[in-house]
Structure formats: structure tokens, C-alpha cells
């Protein structure tokens, strides 16, 4: 019988109306002078995984042994999600029963196990970054790993290092660790290690340039009815080559060095090509230059093409369907990928690499699923029993929720400890804090953000915003936390314990009563908030990204009313990022200001502990707070007539993001990056530097690749009957299968490959590559800097000396000052310790866009050690 396999260009083809010419790299990589457009060069083929010497070799040996025995259908089943709500998790792959591989469970998110019962809502990435505590970065990762493992999750969709947080109004900034790539990289690497120590694979996201939520997706009424219907394409993040390497790619390199198993590509375009089909970003930067050995998974329906995304390096499609096509049974992959392999549009070697990378990542991270570690929850119902496949009401009714409590003393303690150490003391005049029960006998608490939301906390993806802030909204939230403690609960409990007269006024608009009560209070605490989240939820007109940096709920007027009537007013800011504080920061009656990011379930406990002195503040700002809102990089809201919005603000600011911009332009911020007061004073002195390893200008050549491998099963493509849908299987309409229908006929695929397309693998790595996270030499210690720190106060406390590096002033490359080290040390009263910072070769390097490699310039460098980027206490020079 003659069999014809149709290849639909709509489903499998390019899927994008973008230029496909090759592009020569220039000083501004990605910017084409001739067309005056940002264009991503093509890079082919996808580097085959498992060829780095000494890296993941055991994992690849095991993976290759399995894949070599698999059929095309079995391999495809690993690459494609089964469809939205067609499994217990937010993402479920197909299974390979013949080899004991069940459906893989992929579950959000960076703050905890989303959409499950009894899970802990942990402090956000932003709050975690504010601790500047490497030990807590790891412990939080371990606690997350324990809970994901206990719920039967195989792949945790976090941590987030994209967004980098370059835009103060960015909706999802709270998920990541702050507005600095070095801080983000250190925190992400530790989080990944903690997760994967607990046999849960981490998935670092969003790759790359996902700096705003507005226009992150093309218009689709099923996704967001408020989007401009003329938006034909997602926004393009236009990023120059040097900024790409020194800023946006930096924390991904740390993540890969830490052994992360998977990377999630984002919805947006990068230099006018969609992230999940951007061969330069995935094949070249991620898999070739950074030596990534795991697999790339799409954000949910961020895949915009079939064959094109496959040859561009995408390895897994989630949740399987097309954008806006939930539960339609339509996919770019699944059956269509099977077709594309059989008619040789997608080389079978590429499919082999996808499947091998997925299995190797499972082995390398010890997250390979077992029969006793399967999901014990449903993401889509809170009931104990429900349909096996939520969307298919004809599927069997089974026990879907086992109500497993994944928390223990370690996870509870870690959540509170991170929350406490993340809180930043911004102002503390007249020793207002900690609160002294002897001085404060009458205490007033006010503000909507102090108490519970009238709607409770089980709103869709934490979209209840008329109460205390625990998380931002969206898929990065936990959803159904076990409990949440408000500031009202804990502040009132401490007031009772200290026998204070206490009152709480929630009203924030009619200020008559609060003004009257404040005039009689010895101290007034005002808790305020500003919230953001993911763009699929629109709250008070905010489409994920904030419309402004103003406090919510009339809070500026509330603070003014209280402060004008109480000479001892404490403002507690709870927010997902920077807020405008100019209306009250210098008010003489506002004697203390505290900032807290989304602190998770124990938010109220942590805030009260800091205010009442049960814990000392030791957090530092992971971003810059400006005096003028004009100093923030704006959110792009302009949609051009062609319906293809572009974000050129990233290119315009280039390397000058957050504190780099303020320092370079000599702009005084309200609160600088790294700023944070303490209840003690410290002395920083006696900086010394020593060379650990000779550093040449250029990187050494990396080790050669191991030999390319093949499974020698190309004859499979001659037997499409092997892929027919099993005649005895029950077929669910919405489910995404890898099988072919038996009534199709076979003809040659007619696919227009991009110019420069090739299937020939490299035999040698490029100079900046060859190792996990890049050339191994980048990760060698080049210099060590020591400094003495001493606690001059009266209580044991934690102190964070920070090292900023200043490059040679006469160098070829203009390089802004940048964070290159921090340590958190505990010191008892009078105690002195020597703190050591290690400067890696990469910390000294700049990206040479001409040589397309990292180089170390000769000249005099200065290591600046201080307590904030603009508060340097001592420094030391060294010459290379």
C-alpha cells in the first residue's frame, strides 16, 4: 500500500514571516545596517549533546542505551506534551511504557509547588536575592526540592533569571533574584543545586529577554481579550551582542555550570525571531557557547512553528497545543513531528538528540521517575476524586488528590529565615526600631496591606490584591498555600504580648478615623503595597506589568494623613519591586521605613519579628530605587502599524541597567543597589589582593569534542506502518498522540530550509565554549581579595560586605562598575573577621564582539568594598 504523509506548512513549516538570510556578526551583533533592523543570525545544526569531555558522560551512556532501542513514536512521545489538563500536572509528556518511563510531570514554579494542596509559598526570588545570603539560597532550593519531590514532581519550573529585572515596572521581576546578573547567577546556581540534590530537575527560565509582559504574546482573544487585536507578533527584545553576554546570558551560564537539567525558552522574540525557534540563541549561545547538555522546553504554547523550531534546537513542546488552542488536539509536534521525521523534513538525528537530551538530563539530575514517585495531586481540581483526565469527562473517575503535606520543620524554618533576612531597613531615625515596649504603649496599625483580603487567599493564581502581599500573581505563584500569616496577626500578637493598647484600621480611603486615632498613638505602623504579576491576569488595569510605580490603595495619602498626626510613623512597604517613595521618604514624622518583597506564607511573622526586634534586619536592596521615575527603563506600550512591537530600550541602555546607569550617569538614587541599614555599626578595612592564577588576555583553546554518535536506525523512516495508531487503543479527542493515522499517503516533504542550514556537526568547540557554562578557564579563580570587617554594635548580627569591580580607565572597552562579590557574615559584638572574595576569570572579562570571545584587558583594576554600590568603605588596586 502506498502511504502519503502530508506536511502542512501551517503546522510544520517555518511559521514565521521573517527573513531567513544568513547574517554576518558585527560590533552590534543582531543589528543589520543595511535594513536598519535587528536580526538574529541563523546557526545550524543543533549541537549534539553528550560530546563534552568529562561532562554528563554517565548520564549520556544510560540515555543512549535507551534511545537506541526506541521507535520514532516513543521518541516523539518524550518531546511533546499530552495537552492542557490531560494529566495531573501543568505539563505532562507522553510515556514510554516499554522502558518503564511514565508521563513526566512538569510543575510550576519558582516560589513553590503551584496548584497543589498543603504546599508552602516561599519568599519570592526577589526577596531571596535581598538576603545576599548564599547559604540561604541553597537552603531555600533544598526546601523547594523536598516539597516538589514529596508531591511527585519530576521537573520544577524554576528558578527564574529572566526577567533580569532591568525594568522597574516589569510584572514578573519578583520571580527572579534582583536587577544584577551576578547576584542572579549566584542565587540561581545555589537554587538549582538544592532542587536537584532532592532528585527534582530544575528548569531555569525564561530564555531570554523576557523583560516585560505586555505584548509578550501575539494577539489572541483566548489568551488575553485586552491585547491590541492588531498585535500580530510578540514583542521583540532587541539586545546588542555585548549586553547579551555580559548581562542577560550571564545567570544562565551560572545555571548551566551548576548542572541545570532544562532551560525554558520564552514567548517573546529576540532580535525579531521567536525565542523558541531562534537558532542563534538556542543552538549557538546556549548549546554551543555555554555547552548546555540538557533540553530546551517551550514556555506554555510559546512554540510558534514545527520543523523550524525542531532544527533551531527546541527539544520539548509544552503543554503540546498551539497558542490559544487549548484542548483542540492540535499541535506543531506530536503526530506532525512524527510525519516530519518520516518524510525527512526533520532529520532523525535531531529527534534522536531531543530524546537523548531529555533522558540524559533526567539521569544527570537523579530525577528519573520511578513507580513510587508519581504525582499525588491534580492541578485542576481540589476534590479528592475526579476524572483521570480533567478535560475528558468520559475518562474514569479515580483518586486524583492524596492530600500529601510536603512540609516539615526544615521547610518551615527555611521559609521564615529567608523572609526575615530579606527585609531591608531603609530609614531608622531616633532609634525608632526595634519597637521598645517601654516607649510605645499605644500602637496603631493601618493599611489594607496589613490584613487579610476579604476574598481570602485562594483566588486564581494569587490575584487577590486587597490585603496583605504574599506573592505576585500568575503562574509563578503557589496558588493554594497551606496558610498565610498577615502582618496584622503577628503585630497584634506582639502588641498583646507586650501589653500595649492596640488598634487596627483597614480603611485607606476615608482618612478621618485613622487621622484621629493616629494623633493619640505613640507609634503608627502603616503597611502599604504595590503588586504585579503575569500578563494573562489583568488587575486594576495592570496587564502584569505595573502601569506606574505608585503605591496602591491610596497609600501615599494614607501615609501623609497618619504622619501629620503621629510623630513616630513607621512605613512598611510590601511590593514586587521599586515604588515611588518621594512623597514621604523625607517626612520628619516618618521615622522608619522598611521594605519587604513578596515574603511568602510567613510574611506577617517575618515583618513583626523585625519590627519588634525578635530578628535583626540584614537585607539589602537587589535593585535601585530612583528619585525620579524618568530614570527607570520604561515598559514599551507602543504597537506599530505592522503589529510587530519592538523593545529598543534594551539596546538603548545597552550595559547601563539599574545601578550601572545611575553610577555611569552620576545620578543620585533615593536608595542605591545593595543598600540596607542595620541595628549595628560596622567597620570595613585593610583590603588586600593576591593573584591566584596568571591570566592571559585570550582564553585557552577548549578540549576537543568527543566523537559524534549515531544510533544507525535510519531504516526506521522506511516503515511508517510502525507509527500507526494502535487499533485497540481508546482515543481521547483532545489528547496529543505521536501516532499516524493509517489512511495517510506518503510523499516527499517540500520544505524550504533557511539559508546556511546544515546537518554537519562541529569537530571542535568555539573558543568561548567547550565546557558547562562556557570555556572551563572562565571559571578558574584569578585573584583573591581579603577585607577585615568588625561589628561595632551591641548585638550579634549579620553583615554583608560587597565587592564592586572597576575596570581599567584606559581600556579599549568602556565597562561600568559591577558587582563581583558578596558574603554574609555573622558577627558578635566587637568581633572581627577576615572575609575573602574570589574573582574568577569571567568576573574580570569583557565580551569582545569582534573576536567573539571573552578577553581580559591589561591595566589597573580596582576592587571596591562597601555596603552599597555608592557607599564604598575601602578599596585595593591590582594590575594585570
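The backbone N, Cα and C atoms fix where each Cβ goes, and this holds for glycine too.
The active site annotation in Swiss-Prot covers 299. Feature annotation from Swiss-Prot assigns N-linked glycosylation site to 24, 77, 271, 336, 343, 376, 548, 589, 712, 743, 794. The signal peptide annotation in Swiss-Prot covers 1-17.
Positions of the features from Swiss-Prot, shown on the structure.
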residue : record                      : Cβ neighbours (10 Å)
77      : N-linked glycosylation site : 26
271     : N-linked glycosylation site : 27
336     : N-linked glycosylation site : 27
343     : N-linked glycosylation site : 21
376     : N-linked glycosylation site : 19
548     : N-linked glycosylation site : 13
589     : N-linked glycosylation site : 17
712     : N-linked glycosylation site : 7
743     : N-linked glycosylation site : 8
794     : N-linked glycosylation site : 11
For residue 299 (active site), the number of other Cβ atoms found within 10 Å of its own Cβ: 22
DSSP three-state assignment (helix, strand or coil) for residue 271 (N-linked glycosylation site): coil
Candidates 77, 548, 589, 794 (glycosylation sites) - the one closest to residue 336 (N-linked glycosylation site) by CA: 77
Candidates 271, 589, 712 (glycosylation sites) - the one closest to residue 794 (N-linked glycosylation site) by CA: 589
Whole-number Å value for how far residue 77 (N-linked glycosylation site) lies from residue 299 (active site) (Cα to Cα): 18
Integer Cα-Cα distance in angstrom, residue 743 (N-linked glycosylation site) to residue 376 (N-linked glycosylation site): 39
